[in-house]
Amino acid sequence: MAAPSDPPTAATPPAPPPPARRCLLAPSVEPLLFLATLALGLQVPLATQYLWDRLGAERGYVGPNASSPHGCGNGSGAVDPLREEVEALVAHWNLCINLGGFFVGLFSVTLFGPWSDSVGRRPVLVLPAVGMAVQAAVYLLVMYLRLHVAYLLLGRIISGLLGDYNLILAGCFASVADSSNQRTRTFRVAILEACLGVAGMVASVGGGQWRKAEGYINPFWLVLAASLAAALYAALCLQETVKQRRAAKLLTLQHYKAVYKLYTAPEDLSSRRKLALYSLAFFLLVTVHFGTKDLYVLYELGSPLCWASDLIGYGSAASYLAYLSSLGGLRLLQLCLEDTWVAEIGLISNIAGLVVISLATTTPLMFTGYGIMFLSMAATPVIRAKLSKLVGETEQGALFASVACVEGLCSLVATGVFNSLYPSTLHFMRGFPFLFGAILLLIPAAIMGWIEIQDSNLQYSHFSDASSSPADG
């Protein structure tokens, strides 16, 4: 009898909520990561070249710079002391800027990452994108107003306080872990890593040419625009992936304790041991990636390769293509192999390619090394996915915050170790750092193989016990 009193139009009021949606589509974090990586990929080399030109001009140095199109420009002529002074100053400021950003970011990433497990991923993706935009704006002010280069450090610290690029990495990978299941997670992570490669390729190929044509100002406006676009996408279009959000204090030591407990909590000793071993494997693998990538251009510029800028560009594009070929190879190999063995094949590809590059004396042999490394990026998404599967749903933010900090540490260690090793070994083998990297990669290969064999033996023993127990009964 109450039914007639309900008007037929009573179902229409719930309609207003859809227009309240902030965006027509809220698909995934891939566009956000692409934009942020594009901004970073443009900014880092441009900032280094700007420091070179600015500091060189202040000291009256007018010789060739790091972006000159000459191959073997450092032939057998006398060493220019003024050039050495400029190189030392650029290295000094680069080190200060990178260290300042790393140490500030170390505390902010491990604060915001666990916080996102409670309040959601969107806030911790908006903040670092805004920080990167502020950093780009500060860099533009330095260029327009010819401010002291120390202001570049200020921009980097501001970005670090808001989490910097490492927090974007942590938030994106945690978001993928939230929205994927155990079976599909590895491939979803690989898609994210492919975005890193595509964005890096676009920045590498386009940024240098644009700088040569129009200077520094216009490319840095694109850095600012890409960072702002990433922030707007995260704020307005990105779908929240944390299912059960709750209010949580930001400024508390509990967030740092959450990261610490990942590796020390005694509930599941086996999982925590695997977490530490996989983290070590990830550290070594990414350190080799960063360290060798830093040396490719130096190696190609020197004798006997003597590459000009066009060949260097092709080589850079070939190294980034490994992200895409690894994605396709991972997908195909997953049809017949466990993820660990796919990663082992990727490590073998990486090791073989580095050995060939270490011995390369001709252009075809150098490109052969790049070609052999077509599966070299298959191991990192597997390790990230393995780490993600070892922790609970409410620990993904804390986990990927710690992984992002490890990645930042890898960059510093790689720069220190490989850039020191290269000049020290020139007198007996120019390619020794690549051979050293190949040897280091044997350690993560051994770690992953050992864990997989141990797990297989454990599963086999459980299966044997289960099959023999009915007979005993």
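Placed from the backbone N, Cα and C atoms, the Cβ positions cover glycine too.
On a predicted model such as this, the values are computed, not experimentally measured, just so you know.
Of the residues proposed, Tyr260, Tyr263, Tyr323, the one Swiss-Prot records at the same pemetrexed site as Asn98, Glu193, Glu407, Ser411 is Tyr323. According to the topological domains annotated in Swiss-Prot, Tyr61 and Gln396 fall on opposite sides of the membrane.
Region 'Disordered' is the annotation Swiss-Prot gives to one range among 1-21, 169-189, and that range is 1-21. Here the Cα atom of Asn98 (pemetrexed binding site) is found 30 Å from that of Cys306 (disulfide bond). Taking the C-alpha atom of Tyr323 (pemetrexed binding site) as reference, the shortest distance to any of the recorded positions Asp164, His289, Cys306 belongs to His289. Each residue contributes its Cα atom, and for Ser411 (pemetrexed binding site) and His289 (H(+) binding site) these two points are 9 Å apart.
Ranking the recorded positions Asp164, His289, Cys306 by the distance of their Cα atoms from the Cα of Glu193 (pemetrexed binding site) places His289 first. Looking at Cys306 (disulfide bond) and Asp164 (H(+) binding site), their Cα atoms lie 36 Å from each other. Taking Cβ-Cβ distances under 8 Å and a sequence separation of 6 or more, the neighbours of Asp164 (H(+) binding site) in its chain are Gly101, Val104, Gly105, Ser108, Val109, Pro128, Gly131, Met132.
Highest Cβ count within 10 Å among the binding-site residues Glu193, Glu407: Glu407. Summarised as a single figure, the pLDDT of the topological domain 'Cytoplasmic' (117-120) averages 92.
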